[in-house]
Amino acid sequence: MADDDPYGTGQMFHLNTALTHSIFNAELYSPEIPLSTDGPYLQILEQPKQRGFRFRYVCEGPSHGGLPGASSEKNKKSYPQVKICNYVGPAKVIVQLVTNGKNIHLHAHSLVGKHCEDGVCTVTAGPKDMVVGFANLGILHVTKKKVFETLEARMTEACIRGYNPGLLVHSDLAYLQAEGGGDRQLTDREKEIIRQAAVQQTKEMDLSVVRLMFTAFLPDSTGSFTRRLEPVVSDAIYDSKAPNASNLKIVRMDRTAGCVTGGEEIYLLCDKVQKDDIQIRFYEEEENGGVWEGFGDFSPTDVHRQFAIVFKTPKYKDVNITKPASVFVQLRRKSDLETSEPKPFLYYPEIKDKEEVQRKRQKLMPNFSDSFGGGSGAGAGGGGMFGSGGGGGSTGSPGPGYGYSNYGFPPYGGITFHPGVTKSNAGVTHGTINTKFKNGPKDCAKSDDEESLTLPEKETEGEGPSLPMACTKTEPIALASTMEDKEQDMGFQDNLFLEKALQLARRHANALFDYAVTGDVKMLLAVQRHLTAVQDENGDSVLHLAIIHLHAQLVRDLLEVTSGLISDDIINMRNDLYQTPLHLAVITKQEDVVEDLLRVGADLSLLDRWGNSVLHLAAKEGHDRILSILLKSRKAAPLIDHPNGEGLNAIHIAVMSNSLPCLLLLVAAGAEVNAQEQKSGRTALHLAVEYDNISLAGCLLLEGDAHVDSTTYDGTTPLHIAAGRGSTRLAALLKAAGADPLVENFEPLYDLDDSWEKAGEDEGVVPGTTPLDMAANWQVFDILNGKPYEPVFTSDDILPQGDMKQLTEDTRLQLCKLLEIPDPDKNWATLAQKLGLGILNNAFRLSPAPSKTLMDNYEVSGGTIKELMEALQQMGYTEAIEVIQAAFRTPATTASSPVTTAQVHCLPLSSSSTRQHIDELRDSDSVCDSGVETSFRKLSFTESLTGDSPLLSLNKMPHGYGQEGPIEGKI
């Protein structure tokens with residue numbers, strides 16, 4: 001807006017086209033390149049320093065040192081200089097402050113210092129030295145309240161003295177030239193032009209930047225300085241305390257690496273920036289000379305007090321990299337593309353298996369034949385002492401996840417059985433028993449005999465052996481002093497150990513026979529159920545592994561054989577990632593296993609290493625059916641609003657995962673819709689707006705009765721975010737739901753300088769920022785001011801048309817009458833759920849004829865008669881189906897037989913490509929399957945509710961808060 005010429009054709013005053021030179025082109029005044037002319041001209045020898053100089057207020061006194069030159073250094077000061085070329089003699093040089101826009105105008109700030117008066121510096125040059133320096137120039141900052149007053153006086157003075165009025169005030173005043181007396185009287189017309197120009201330029205003036213305009217006047221024949229040379233304009237000078245004038249600098253980031261998929265939150269501290277004029281740029285210079293760049297995602301509400309930015313990383317150009325990629329990150333100002341010094345940033349490959357489920361599945365599976373190769377290791381399938389599969393005796397190389405060397409189990413492969421010992425009278429031969437722990441720790445190797453004493457002396461039928469705990473020994477038991485005692489003791493313990501081994505072998509043999517008879521694997525598991533508490537190198541128990549490898553029946557068998565004994569210990573056992581079996585069942589999407597675990601008492605309240613409960617995990621993955629199972633548990637209620645380690649509730653994660661079904665389940669289960677996440681106080685509605693998800697935002701407002709003006713810790717409402725991001729759809733939705741565009745957050749609207757308070761100017765409390773102040777475009781600004789939302793349609797946006805128009809008005813009336821019955825299984829609300837429009841049920845209830853409103857919505861969204869028939873069939877509503885069938889019966893059909901459902905399905909319907917397009921639109925972000933976007937695009941509530949009622953009220957604020965916001969026919 002500031003770059004447009006406010007005085008062009010069509011304005012109050014017409015441009016004087018007789019002017020032959022382009023007085024409005026700032027590029028005309030090349031600062032340092034000499035003009036191609038034979039006569040006198042003015043040239044800038046040294047530019048002023050652009051940054052680092054502070055504009056001072058009246059109360060602060062003069063500047064400490066004048067405006068330095070561009071080449072000024074600490075020990076070598078320099079100042080702006082100009083030279084009058086091709087001329088020697090007396091001259092007068094004036095310096096005026098002008099704006100930095102495309103069109104040059106007078107600036108309201110004033111030059112102060114030696115030779116300065118009324119904001120203008122006047123210096124004489126010559127007659128010999130035609131170089132003029134300005135060693136003590138200062139810039140006086142005018143307050144906002146006095147901009148118009150000061151600017152009008154400055155313009156009047158320029159017109160009276162003839163100091164470039166046609167250029168700096170208005171083109172219609174170009175005829176006013178410098179006069180010797182300087183006491184010209186202005187006409188009323190000239191004063192009006194000045195006033196209008198001052199009004200317009202006051203609105204557009206940037207108080208943080210100025211330029212110096214140098215104009216030289218040579219004497220005429222009378223000695224008066226009236227011969228004006230073409231002025232020259234310096235580079236821009238930025239106020240050092242203005243946000244857009246400071247040097248950009250990254251001070252600190254809490255992370256310097258992120259995943260290639262982007263979307264990770266980073267906190268960045270920086271020097272002063274302007275929240276609506278800053279970008280965070282990621283870039284990489286490629287080998288072929290190209291440059292990849294991406295920009296951090298944040299809105300003005302994510303910039304805190306001009307010194308901190310919270311943003312999300314962009315996606316890297318290649319998300320399939322196999323090794324880290326180094327890029328750079330820097331701040332960049334939008335207005336002038338000024339950048340900060342780049343900092344390194346590392347993109348690492350995507351970790352697709354964060355829960356390590358796939359890694360564990362990829363382990364080498366145990367091979368059955370490995371158990372018969374060496375003869376020294378324990379056999380598979382129960383052939384060894386503890387029936388460890390996976391090739392797994394302690395003397396062999398245990399298979400991953402199956403050999404538990406840390407327990408130091410001794411091998412018993414040398415034992416054979418004779419008839420008379422087992423049920424089958426198979427004999428036993430006492431072979432050599434090696435009782436040394438070859439795979440155990442050093443301390444355990446010496447204590448194998450002592451450990452055998454820990455076995456129970458007598459086991460009852462059906463109980464397994466106690467687990468050896470050799471590794472807990474810290475010191476070997478003192479042995480007898482004589483060799484004879486030691487040999488006797490060793491012999492006794494060998495005999496005792498052999499006896500226990502035989503008892504254990506007998507039990508396993510019995511279990512094997514029972515399995516052969518019944519075919520029930522639980523017969524084998526029962527004798528080893530005490531070992532289900534053993535964990536592998538990852539901390540996983542057999543129950544963890546069975547779930548990871550999707551063996552649902554094995555999980556059920558394990559739960560059955562351990563029921564009532566050690567069930568609680570293994571059901572809620574955590575692995576090294578703090579995952580319980582229930583966590584893994586949710587992660588691997590096994591609904592039946594989740595139900596089995598809950599039935600035997602799995603604890604929902606246990607959290608994983610990130611503080612996630614099973615509700616968080618189900619919502620994150622969008623498993624609505626599993627989430628439904630979990631929410632049915634009585635123990636789920638206290639966890640619904642429990643935050644995880646990131647401070648997020650399950651409802652927040654459902655929104656961030658774009659899962660409408662999970663969100664609906666949580667709302668129905670009583671989740672606190674207005675709960676704040678613990679980092680910045682955002683509610684689920686804030687997050688839906690932040691993710692530009694109109695579907696979820698509509699669900700929260702319509703189904704969850706979300707507080708539309710809920711605030712974060714810094715007072716930001718969802719409307720602030722929508723306005724700052726320029727989202728017209730969400731701004732319209734929130735405004736229609738009653739959002740207040742005048743709510744102020746805690747971010748100051750402007751930076752109040754301390755000196756203003758000292759000067760008594762602009763005193764008082766600095767106002768906060770409202771959504772109106774943050775409107776990123778005119779469309780949002782108009783919506784916030786009450787203008788109806790009018791979306792711009794493209795060919796891709798046009799909704800596909802269904803065939804509902806084939807139903808006659810009489811048929812529609814009969815259907816609506818049938819759908820108004822109170823039976824919950826056959827009324828309009830149930831049909832709406834079947835048709836995917838259930839989220840609008842609350843809105844439908846506000847209508848005098850909900851069933852008619854439903855049918856109108858369904859037609860607008862491209863619904864077909866086929867889908868309507870299928871929905872009615874699912875409801876079992878034969879009367880409604882017959883009404884539709886009757887509408888398509890021909891006389892011949894009526895005389896012969898009624899039309900079948902299959903025949904109705906053969907009626908003219910929309911093409912398959914059209915239906916596919918409908919499904920794509922419903923699944924996309926732009927058109928939600930909830931029907932909210934459909935309502936925004938096509939639905940006129942004026943037509944669908946009563947036919948003439950203009951408003952549908954959607955009051956989604958707490959009772960007694962604010963005012964109701966109506967949704968009009970067009971938003």
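Placed from the backbone N, Cα and C atoms, the Cβ positions cover glycine too.
Per Swiss-Prot, the annotated phosphoserine among residues S369, S851, S940, S953 corresponds to S940.
In Swiss-Prot, the annotation motif 'Nuclear localization signal' applies to 358-363, one of the ranges 358-363, 724-729. In Swiss-Prot, the entry for phosphoserine among S71, S388, S447 corresponds to S447. Looking up T222, T811, T894, T946 in Swiss-Prot shows the phosphothreonine annotation sitting on T946. Beyond its flanks by at least six residues, the repeat 'ANK 3' (610-639) meets 582-583, 586-587, 589, 591, 594-595, 598, 603-604, 645-646, 648, 650-651, 653-654, 657-659, 661-662, 665-666, 669-670 of its own chain at Cβ-Cβ distances under 8 Å. Of the recorded positions C59, K323, C59 has the largest number of other Cβ atoms within 10 Å of its own Cβ. Annotation note: K323 (SUMO2 cross-link) sits in a coil segment as assigned by DSSP. With helix defined as DSSP H, G or I and strand as E or B, the domain 'Death' (801-888) counts 61 helix, 0 strand, 27 coil. In this structure the alpha carbons, written CA, of C59 (S-nitrosocysteine) and K323 (SUMO2 cross-link) are 59 Å apart. Summarised as a single figure, the pLDDT of the region 'Essential for interaction with HIF1AN' (646-680) averages 94.
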